[in-house]
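Positions annotated as domain 'Fatty acid hydroxylase' by TrEMBL: 114-248. Residues or ranges marked as transmembrane segment by TrEMBL: 73-92, 104-126, 163-190.
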Amino acid sequence: MVKCHIGVRLDYLITHFSEFQLATVGTFLIHESVFFLSGLPSIYFERSGLFSKYKIQKKSNTPEGREKCIMRLILYHVCVNLPVMLISYPTFRFMGLRSSLPLPHWTVIVSQIIFYFILEDFVFYWGHRILHTKWLYKHVHSVHHEYATPFGLTSEYAHPAEILFLGFATIIGPALTGPHLFTLWLWMILRVLETVEAHSGYHFPWSPSNFLPLYGGSDFHDFHHRVLYTKSGNYASTFIYMDWLFGTDQGYRKLKALEEVEGKKY
């Protein structure tokens, strides 16, 4: 029933818009909607003090800092993200992207999404770790770390060069497999929700990391932002096993052990 309903909606879009329009402008509009709708609540929480007991850091950002983030994001999205989507369409089309019905079987969609998450996390880990070398951090990655106390929208606040560099990790999976447009949209939505949650600054009882053993989440990534860049670790985007395998989560693990012994958060 759900698949049939989605198919009807997609059939309407296919009838009224070209595949190029759907894969570029359509993808951009979906991204913007999901990103800002999921990212804005953490600003409200921070300003109002709502859910303060779940806030990881007690510090808050200034209104000027939040406004600067939003304005820069709009600029970067329009001047960097959208052109990249337009330019990359021929590559995706060549690799097999399609929008026609029927939709792929749900097992194909799920397996591709899982593959994208695993591949993205692996590529992102190494790319992010490279960005923490002295020169690249100073000239590129320090922009993202302007916010030592992150909130949802800071997840995509970065130097244009970093947007292109780490954005490769997000698109490499779909580019290799040539998915259905619906799968591409679903992947993008889940990836945006994941990175916004990781930067939200809040660790709720219902946070995914409390239920998914290998998921990093907000507490794991918040440590990365509040510690000196040479000692931060926790470089992976979604999961924790890459940092565990290469020993780049030791500072975080020591802090968690200390908190458990002393019974309070730092």
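Cβ atoms are placed via backbone N, Cα and C, with glycine included.
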Same-chain residues near the transmembrane segment (104-126), Cβ under 8 Å, at least 6 residues beyond its ends: 3, 166, 168-170, 172-174, 176-177, 179-180, 182-183, 186-187, 190-191, 235-239, 242-243
Three-state composition of the domain 'Fatty acid hydroxylase' (114-248), taking helix and strand from DSSP: 89 helix, 4 strand, 42 coil
Local confidence of the domain 'Fatty acid hydroxylase' (114-248) - pLDDT mean: 96
